[in-house]
Amino acid sequence: MLPTPYVKCDYDKVYEPAEDSFLILDCLEKEHDFLKQKFGNRLAIVCEIGSGSGIVTTFLMQNKIIPQENSIHLAVDINPWALEATLDTAKLNSCKSSFLEVIQADLNSSIRNNQVDVLIFNPPYVPAECVPDVPGSREEADQWLDLALLGGKDGMAITDKLLRQLEQILSPDGVAYILFCARNKPKEVIKRFVDTYKWNVKLIETRKAGWEVLSVYSFTR
């Protein structure tokens, strides 16, 4: 089992690593050989959208899930506190060999089309009446945290938006790993996506976390 990064953050401002975070880590470890074979001989661009505490991006760098030393890691989050936390977590775990850039942005709005080789997305998946507005002030900590949790109708407003853009985000041989909860109705979502885009979608792992059932799927052309 690969080591889990040490994380020390202000969890009033940044999403605390939980069962969903650890499921993604386990899935990336499970996919290690696949990713090594796919990207082991070339530089890869790896992007985590919604980096939060930075535990996933740091895990990728710390354990060389993408083996090339000079691979580029992008950590995107709309929450400025999350970007600081991601840098702190990488530094705390002595991740010095990989290039890491943090970007404050909404999803892929600051990323060039068809450049991302590996995308990881742990979205705000909790069903809610609506997606919260972006806070007007950096100091509104509770509201920043809500953005990491509340996903609108069926918890899918943000994930649906990303799925519609996936064709523009990934490189031709890229792969995306996206987390869903049972209330997102993932089987229905996957069927619609496959029917529309004719991509390959594979269930990597499902796990019961308290009363919630979480799953991670991979998406490739």
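Cβ atoms here come from the backbone N, Cα and C positions, even for glycine.
In the three-state DSSP scheme, Asp77 (S-adenosyl-L-methionine binding site) falls into the strand class. In the structure as shown, the Cβ atom of Asp77 (S-adenosyl-L-methionine binding site) sits within 10 Å of 27 other Cβ atoms. Here Swiss-Prot flags Gly50, Ser51, Gly52, Ser53, Gly54, Asp77, Asn122 as S-adenosyl-L-methionine binding site, drawing on similarity to another entry.
Around Tyr125 (substrate binding site), taking its Cβ as the centre, 27 other Cβ atoms fall within 10 Å, counting all chains. In three-state terms derived from DSSP, Tyr125 (substrate binding site) belongs to neither a helical nor a strand segment and is classed as coil. Taken from Swiss-Prot, the feature substrate binding site covers Asn122, Pro123, Pro124, Tyr125.
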Additional residues surrounding substrate, by Cβ distance to the Asn122, Pro123, Pro124, Tyr125 centre under 8 Å: Asp20, Gly50, Phe121, Val126, Ala148, Leu149, Gly151, Gly155, Ile158, Thr159, Leu179
Sequence-distant neighbours of Gly50 (S-adenosyl-L-methionine binding site) in its chain (C-beta under 8 A, six or more apart): Val76, Asp77, Ala82, Phe121, Asn122, Pro123, Pro124, Ala148
Least surrounded among the binding-site residues, given as Gly52, Pro123, when other CB atoms within 10 Å are counted: Pro123
Integer Cα-Cα distance in angstrom, Tyr125 (substrate binding site) to Gly54 (S-adenosyl-L-methionine binding site): 18
